[in-house]
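Following: one structure in structure tokens, then a few remarks.
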Amino acid sequence: MMELLKKISEAPGVSGFEYGISEIIKKELQGFVNKIEEDRFGNIYAYKGNGEKTIMITAHMDEIGLIVKHIDDRGFIRFAKIGGVPDHVLLSQRVIIHGKYKKIYGVIGCKAIHIMKEEERKQLVTYDKMFIDTGLSKEQLEKYGIGIGTPITIERDLVELENDLIVGRAMDDRAGCYILIEALKKANPVNKIIAVFTVQEEVGLRGATISSYNVKPDIGIAIDTTIAGDHPEVSESEAPVKIGNGPVIVVADGRRESLGGGLLANSLIVNWLIELANKLGIKYQLGVLEGGTTDAAAIQLSRGGIPSGCISIPTRYLHTFSEVLSKRDLESGIKLIIGLMESKISFL
């Protein structure tokens, strides 16, 4: 488990620049699926099985990150954020700038606290007050193919914690990619499975919007991560999902207060997933999840409407660069997706 997880967690793949993770996934699936395709937008399609019903299962490859916006004459880099990156997790992070000819390491800096005014010390340092220091001049950076538009990832290794927990970058949604890869390797589908590793989810579900139109499935399922609230400063009523208690079968998600813009999962699919989990002896959780959504929200609206659902892995500290989840939940997620692939659809 750890070898593949480490490889895909540490691979670069900021939204719009998914080629690093994309190549790994294509190589990993060779020999395990009938066919692999890539569309002009960058989505990867893996086909397996020849049943009557077509199930589209997605996991997004992209991660939140940064992009070069400006380089001053001394070589200090100003950046923009790609996806939902909280400002407070950026300061002092080590970064990798993926130049055309060489990747360069840097660190995110700001004005030293010693010379801040008293009111400045009390305020959150916002990203527009930060910069990246590589030790190189503008001219030297340009020689490595680094300029406006160059993608930037946070430097972080995947490591194991105690009690079957792991922590790493981009678990949202390399965890889903891992589950989908392993399920494709092991399953003997009775349905036609089109697994789509999507791009640009973090900036508006763009890959899922395009790929669901292309696939035109009977059912759509997204695999993603979701907020685990089993830690200090979060109440159980606010975020009841716990890591280690199994994958989450999503009932609904979307914006806070209204669930607008999200998924209202098809009730037949929710019941099907519950029945599958019970049949396979898989511990699961149900979730109504405020504050975010997944590829399933885009899939459900494609063409004339596609019955859709979502399976999410509980994750602590989402949209930081040290996301924590349970290996047991990953294993249960694989088992549930295999069961889904190998089960006939009688309710549509």
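Backbone N, Cα and C define each Cβ position, glycine as well.
Any TrEMBL annotation is an automated prediction that lacks curation.
Database features (TrEMBL):
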type	residues	note
ACT_SITE	GLU201	active site, proton acceptor
BINDING	HIS60, ASP172, ASP224	Zn(2+) 1 binding site
BINDING	ASP172, GLU202, HIS319	Zn(2+) 2 binding site
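Shown here: features listed in TrEMBL, placed on the structure.
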residue: HIS60; record: Zn(2+) 1 binding site; CB count, 10 Å: 30
residue: ASP172; record: Zn(2+) 1 binding site; CB count, 10 Å: 28
residue: GLU201; record: active site, proton acceptor; CB count, 10 Å: 28
residue: GLU202; record: Zn(2+) 2 binding site; CB count, 10 Å: 22
residue: ASP224; record: Zn(2+) 1 binding site; CB count, 10 Å: 26
residue: HIS319; record: Zn(2+) 2 binding site; CB count, 10 Å: 18
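You'll find the Cα of ASP224 (Zn(2+) 1 binding site) roughly 11 Å from the Cα of the residue listed as 'active site, proton acceptor'. The recorded positions close to HIS319 (Zn(2+) 2 binding site), defined as a CA atom within 10 A of its CA, are ASP172 out of HIS60, ASP172, GLU201. In the three-state DSSP reading, GLU201 (active site, proton acceptor) counts as coil. When the Cα atoms are compared, the residue listed as 'active site, proton acceptor' and ASP172 (Zn(2+) 1 binding site) turn out to be 10 Å apart. Summary of the Zn(2+) 2 site environment: with the site residues ASP172, GLU202, HIS319 set aside, the chain residues having Cβ atoms within 8 Å of the Cβ mean position are GLU63, ILE64, GLY83, GLY84, ALA170, ASP173, THR225, LEU318. Distance between Cα atoms for GLU202 (Zn(2+) 2 binding site) and HIS60 (Zn(2+) 1 binding site): 9 Å, as a whole number. Using the Cβ center of HIS60, ASP172, ASP224 for Zn(2+) 1, the list of other same-chain residues with Cβ within 8 Å runs, in sequence order, ALA59, ASP173, ALA175, GLY176, GLU201, GLU202, ALA222, ILE223, THR225, THR294, ASP295.
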